[in-house]
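Per TrEMBL, domain 'UvrD-like helicase ATP-binding' is recorded for 209-601. Here TrEMBL flags G230, S231, A232, G233, S234, G235, K236, T237 as ATP binding site.
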Amino acid sequence: MADNIKTQEQHHLDHVIDEIHISQKDLEQKIKATKRDVKDINRNFNNDVRLKTETYSGMMETAMSIRQQQQMLSERENRQEHAARELGTLNKLEQNPYFARIDFREGDEKRDETIYIGMASFTDRPDHYLIYDWRAPISSIYYNGGIGNVSYMTPDGEQTVDVKLKRQFQIENSKIKTVFDTEEVVGDQMLLDALSNRSDTKMKSIVTTIQKEQNQIIRDTDSDLLFVQGSAGSGKTAAVLQRVAFLLYQYRGNLHSGQIILFSPNQLFNDYINQVLPELGEQNMVQMTFYQYSSHRLPSVQVETLSERFTEQLDKTAQKLTDVKGSLDYFRAVSAYANHLNKEDMRFRNLMFNGEILIPKEKIAEIYYGFNENYNLRNRLESTKEELMKILNRKIHVEMRKKWVEDAVQNLSKEEIQQFHAEGEEEILNADKEFKFLARRIVIKSFRKVQRQISRNHWLSINNQFVHMLKEMPKILNLADFGISNELWAEEIKATVGRLKKGRLSLADASSYIYLYDLMTGKRGDKDIRYLFIDEVQDYSAFQLAFLKFSFPRARFTLLGDLNQAIFTHENSRKLLGELGSMFPEDKTRVVQLTKSYRSTEQITNFTKHLLTNGENIIPFNRQGDLPHIYVKDGVDAAVEQVKQQSELNLADHETTAIIGKTLKECQELSGKLAELGVKSTLIRTENQRLVKGIIVVPSYLAKGLEFDSVIMWDASTACYPDESDRQLVYTICTRAMHRLTVVAVKSLSPIFETVPQDEYELN
Ligand SMILES: Nc1ncnc2c1ncn2[C@@H]1O[C@H](COP(=O)(O)OP(=O)(O)OP(=O)(O)O)[C@@H](O)[C@H]1O
């Protein structure tokens, strides 16, 4: 690039930075002035306002001036907060104001327009943009095309402009480091630079190099269901985080981060991605795992954890049971079952008081089914509650006459009597009335527990209902379609009841349990959530997705998945897309396929691609590195020695190395052996830990969604991965590597690797 261009651009940059400095000073002044204001308001208030509380008008006057003062203060605080936020943005822009320039001509205009694009907008006077936010409609032309006609969406529809110049910058500390013009969409060189960087324990934003297909995902505002199917490392997570930032910008004022929820594969992943949005100047959305959501909804039940779920090896029969419970048919069956409860079969519990039945369940049933057939479950529940409260009130009189109440009145202390009077504000006339008053108070107080039980639906029996539903299931659903006999189902019910008695539920059962309870109690879901994202959707069952749709009825869904990485649902995940289709209107559903893989070098992507039997759709990004190495060692000690040498080599290259084992057990054993050899490593046992630099040892199910400079797969032997069922898991493990992949096996290599051509790795 000619030096004079760089000089001219530096000149422009200096001008922008000067303007930023002026705005910074303005804002600092504003903040100072507001702070002074706040002080003055407080001082004046203390001096001027005397608390006049003796007369009614005096009290009113005092209340008015307090209110006025509060209003003034909160208005100043808002102003101060706003200014501080703006200043924060400018402080970020000051070092690195923009990353691109576009010159274009719009329609019949006579002159070209020039815009600069950066992390946030900046104007030096109203409507005079020195920098455009990357999320502004016009900025799309940077991501959507090269030179020539490029279209982008505006609030008024699609527009096309003629792009004359596309210039990219690398700016550091207010100085232009490099500037280059490109004719491509987003220059490969810039992307290559970005991808060649070392990994970190935190994910970074990709704003400067968003690819065209990713831009479509980020800016989609039409779909109710956006399904992104992309190979490992194709930037699904990256794109979706930029999408959250885009939505918050696009709908600012109407959408806040608390209305967006992301379901992620594990907690470690939450920690890994939690810097991206703050880096983009936005707040993080709500993040949780499905397990956390279920546990939160079922505080008194122990839901099966990620690690338990993974370690439990499902045999074919167990898999069939998990499949049926995860199916959309099962979801519909639970809905149908709940529907029939409107007519019969609702299970009730006696309402007890002092060890005796106060309102028998038969009576509750009579009330519940006494309402006419137009009632739905929700109305039935509410009306029954009302009726039960009335019955409870009527029982006060009966209870007051009982011996225990008489004793209780006699045993009241002076303080307790005073307390009752203070609450009841009753004037006492004679001893008889006093007794009745106190007896009534005592009964009301002791009925409070029953009152709570009525309002919290304790008179319903969710456990019995759930078991009844399981027993009814063969009548509603044709279990034979899932290869399940009635005997097998009966055994499964027994096992589930056994678990339930111990206060435990499998994740699949937990979903249907909560769903049934929500239907029984007429819960309508959380309407506040407007956008719901699910990462690694291939590990969800159709049931869980339908349940989430029910639980967040106003949310638009963005689902990210790689059917090749289904480590829980296996081949069933392929059906998922079809099943999803039936949950959302077709014209509001969009499926986007990402085929280019950015994370790994070309050599690693070619290798991992062949681990899949249908991986032909994966296109590696042209970034070069070494071929993956496979080591097969005779014994465990020799293999551990190999891991030691490789980790040390990786570390010497300043790389973070993840040693990924299948389960926690393998990882624990290896990490112990490494410690004996004097190798310092961090074992990630649970998802509540943090990622650290250096050597980490992590079980496969916690490595989902993460990436590392180097990956050592341990132990890739036939003993550990004997058959096809682990193919997707092996793929997931190997695709975590960005720059270097080493596979170490004891005795013999798993047959899964036989599909990889021999010239794609080095065997030692
Ligand atoms: N447009 C881009 N510019 C720069 N880096 C990118 C781009 N797209 C993706 N990347 C990088 O590629 C890597 C993989 O992206 P990401 O983790 O989002 O992929 P993924 O599809 O979620 O992968 P997986 O399914 O394997 O977890 C990340 O380091 C990400 O920053």
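Quick reminder: no glycine exception, Cβ is built from N, Cα and C everywhere.
The residues near the ATP site, meaning same-chain residues not in G230, S231, A232, G233, S234, G235, K236, T237 whose C-beta sits within 8 angstroms of the mean position of the site's C-beta atoms, are D562, L594, S597, Y598, R599, in sequence order. Taking Cβ-Cβ distances under 8 Å and a sequence separation of 6 or more, the neighbours of K236 (ATP binding site) in its chain are V228, G230, D535, L560, G561, D562, L594. Each of the binding-site residues S231, S234 was scored by how many other Cβ atoms lie within 10 Å of its Cβ, and the smallest score goes to S234. In the three-state DSSP classification, T237 (ATP binding site) falls within a helix.
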